[in-house]
Amino acid sequence: MPEYLINGIPVNFPFEPYQVQRDYMARVIECLQNSSNGVLESPTGTGKTLSLLCSSLAWILHKKAQVQASQRTNVSELKEFEFEKKKMGGGGGGPKPEMDKLLDELNENSGKEGGRWGVPKIIYASRTHSQLTQAMQEMKNTSYGFMRAVILGSRDQLCIHPEVAKEEGNAVKTNLCKAKIQARACSFYSRVEACKERPEITGSTIMDIEDLVRVSTKLKACPFFMSKELIENADVLFMPYNYLLDPKARKANNLELANTIIILDEAHNVDKMCEESASMQIRSSDIALCIDDVTSIMKVMDNTVAIPEDDDAKKDFTIDDLALLKEMLLSLEKTVDEIPVMFSQGGSTQPGTYIFEIFEKANIKEGNYHIIAQLLENIIQYIATITEKNNFVRRGGGLQILAESLSIMFAGSGPQYRESIDKCYKCHIDIEEQKKVRGNTKQADGWTATKQLVPSVKANAKVINFWCFNPGFGMRQLLGRNARSIILTSGTLAPLKPLISELDIPIAVKLENPHIIDGSQVCVKIVGQGPDKESLNSSYGNRDNPKYISSLGRTILSFCPIIPGGLLVFFPSYPLLNKCQEAWQETGIWAQISRTKPIFVEPRGKDQFLNTMTEYYAKINDPDGKGAVFMAVCRGKVSEGLDFADMNGRACIITGLPFPPLKDARVILKKRYLQEVRTRENEIISGDEWYSLEAARAVNQAIGRVIRHKNDYGAILLCDNRFHNPRQKAQLSSWIQKHLNTAQHPTFGPIVRELSQFFRNAEKTLPQAKLTRSLAPLGPEPPIALVPDSTSLLVSGETKKKLDDIKNNFIKIENSNAVTAFKLSDYQHAHRSDATAASGKDFLSRLNTQVRTIDFNDMSSAGPSSQAGLVAIHKRERSNESTMVTQQKKRKVVLIPQETISLDDSLEVLEVKPERQAPEDRVELLKVIKSSIVPAQYKRFLVVLTGYRNDRDFGTMMGGMVEIFNRPELYYLLKGEI
């Protein structure tokens, strides 16, 4: 693999790096060499992950070489100093401090400190395990695949014990796992120590989730604990954000952050992750569950006959401990009940330290926290043990929530910690809503028992929210553990300045890379109005406007025939997506879009999501299909990290700005917090700027789903007139702003025309991704003309040119219906037609006969039939006309097996069906149109025609006609209309 010298470090890279990749790798190495922190943005498709891995791993190898060289030259000197130190150990305090100083310097120079001779580990964190898996696969494909890497996962992904794996929720699995280990009842755990040196483990240098599970299952050893054994010798640790940012998760995984390189990929979410990991919520119903759980355990302990004591169910607590804990919980419940809250005012907000006042009234405080935390852990494990062996009906869900809440509250101690809490936190108390919980059901976390154990919510029940509003609070915890460097990177970090000010850590290295594509590969348009000239604005006050919803639907419908392959449509929220779907289904717009491209909607469930994505990709790769539409939500699964390269995503429509809910208590408090702490010196953004920036970041992330590599191309359509606002434009990624500098048309027609021209040019000049076809095309046979030749229309030259553009686009979009998309082998086993040959009459005379036609637009008949092997045919009756001759005999369709004829012969057999002619008489034309489309479409047709007479806007008129006559069998009617 080629080697390139970057900042003095030899970096192996699979190809000649682009300048943006060189710049990116130089900044990464600069951070590592100087032990500094960096914020690096490089758009999706610029090879960010590859550049990040190659540069950081190259620096690690270089550092190892330095350490080994230093070790060889200093090891003898080090031993001599140690020998002298031992001799002088008891001889007074004169020269000893100097000797210690020299020894420390040698240790540092030789790299002896840190367990691996001072070579830092890389901790690579991202949002999801799927993103981590992609990064690990990228590492396998580099020349650094020999370096050791392991991923940390949860028991949800790694546990192979049949009894534990079947449980729902990671918390349940965790405590049941601990109980089995304590009782020595897990054979998989017992085999970890014996198997960790096996060749199957040591021979695999990069172990992702699938590798860990596969190899460990073969060895009958626990993948979860095997991953922990691999940490010590790993060069790179891959893990989700929460494993790194959550203090409890760091402790559980024994993560040592000193002298580590922390890489936070997809860091556009890191500020929220920092805030979330430092926040907690506890409800009155959770406290009531705790009381019920403790009471049930006390009854069990008081009645030893019900559950006999055994070694597996050892208790590390007494009934007196439980009685004391119950007293605390009852006091806590009473304290929470007595907190005054005005529901009409949106709850009560107090300073962050108010949370300590609440718990101190129940005698839960800093001094005894560790004792209470240990007691809670012991009880939860005991519940897991007796639940498994004796069908105990409780699961300890409330106790688990309480334990996690206390760990966040008491993550630090002392006056300085309390001062930080008062500055960075707010305690918000609100009324707890009644939940509907039926018998024999479980909550999503799996902790509610199978019986009805959730106490009914009282009228004075509360929700205690302990919210962190400063992401720097979590980031400083990483710096406080002596991390060598923290690198935040993503495709959508801009604008960098407010992000850096919020994170509140020193940032020495910054980069905002341009995209590697040029102007011919992207078309960015702001669509401020629909084809009916209705303003497109998804503001909260306009979302219930039926005219807006209808216009948005017709806008999407108008773009569908123009855009090849996949079209992604992002909505600001699920409620708006659902509202539009219902409205469009009622008005028929949904059905019209579906006829052009099948529609897929982003589901919320994990299993449903995977199935939907599989079906979508299959439809895109169907050689006989016309692509598909995927309707999703900003900040949803589709917008975060999924790859829609090439035909999977040729265009992205943003239907609105996804602002956070304005009246949400947390949003209100966040804006208020920023206003309070903002000064001229700290350059923190205002509350309103943060609110606007939240929407822009979600938009930038959704846009990043398309244009995934240097040869990719696509369109970005911002369908909300608020994008014309200069302030909103400035918050888009810089590479998008660059392409927004071109003239933006206020009307719909020119946008449609330019979009059509963009895709025509792209298909001619740019590399095209190939779909996997089961059958090869016949050859370079021209497609069937789907629209009459514009030269035959009695219209102006300008109109002819515009119609030619529309026609050519239709032909390309509908190319799957061309003769070239079919094979003679498709008809090889078809039955011969028993119709007799037609006499040699002219074409018009044949229209009076009964004919059998193959419907090439029927996608359901694509491919050989699984039942009868017949070509799908549709019988069409022709009525008698006085101008036509008498009925003639039926034409004979000859179908010949492929192997008996040559290619040249086959081209002679297939006849292209003559194009249909629209009536020249206007009255007759209107009759044909009215009989060919549904009444609602005909009414829409008259409105569009009237509008054209009034304003003479050809683009708007054609946009409307595209919506109405969007089926190939109706294209010939465009001739009569114009």
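Using the three backbone atoms N, Cα and C, a Cβ is placed for every residue, glycine included.
Of all ranges given (265-268, 669-672, 881-884), Swiss-Prot attaches the label motif 'DEAH box' to 265-268. Between the candidates C159, C274, Swiss-Prot assigns the [4Fe-4S] cluster site shared with C177, C186, C222 to C159.
Sorted by the number of other CB atoms within 10 A, the binding-site residues C159, C177, C186, C222 start with C186, the lowest. The two recorded residues, P43 (ATP binding site) and C159 ([4Fe-4S] cluster binding site), have Cα atoms 37 Å apart.
Secondary structure of the motif 'DEAH box' (265-268), assigned with DSSP and counted as helix (H, G, I), strand (E, B) and coil, comes to 2 helix, 0 strand, 2 coil. Here the motif 'DEAH box' (265-268) has a mean pLDDT of 88 out of 100. It is 35 Å from the Cα atom of C222 ([4Fe-4S] cluster binding site) to that of G47 (ATP binding site). Between the CA atoms of K48 (ATP binding site) and C159 ([4Fe-4S] cluster binding site) there is a gap of 33 Å. A Cβ within 8 Å of the Cβ centre of S42, P43, T44, G45, T46, G47, K48, T49, the residues given for ATP, is found for these other residues of the same chain: V20, S51, G491, N513. Geometry remark: S42 (ATP binding site) versus C159 ([4Fe-4S] cluster binding site), CA distance 36 Å. Just so you know, the Cβ of K48 (ATP binding site) picks up 22 other Cβ atoms within 10 Å once every protein chain is counted.
The number of other CB atoms found within 10 A of the CB of T46 (ATP binding site), across every protein chain shown, is 24. Cβ neighbours of G47 (ATP binding site) (same chain, under 8 Å, six or more residues apart in sequence): P17, Y18, Q21.
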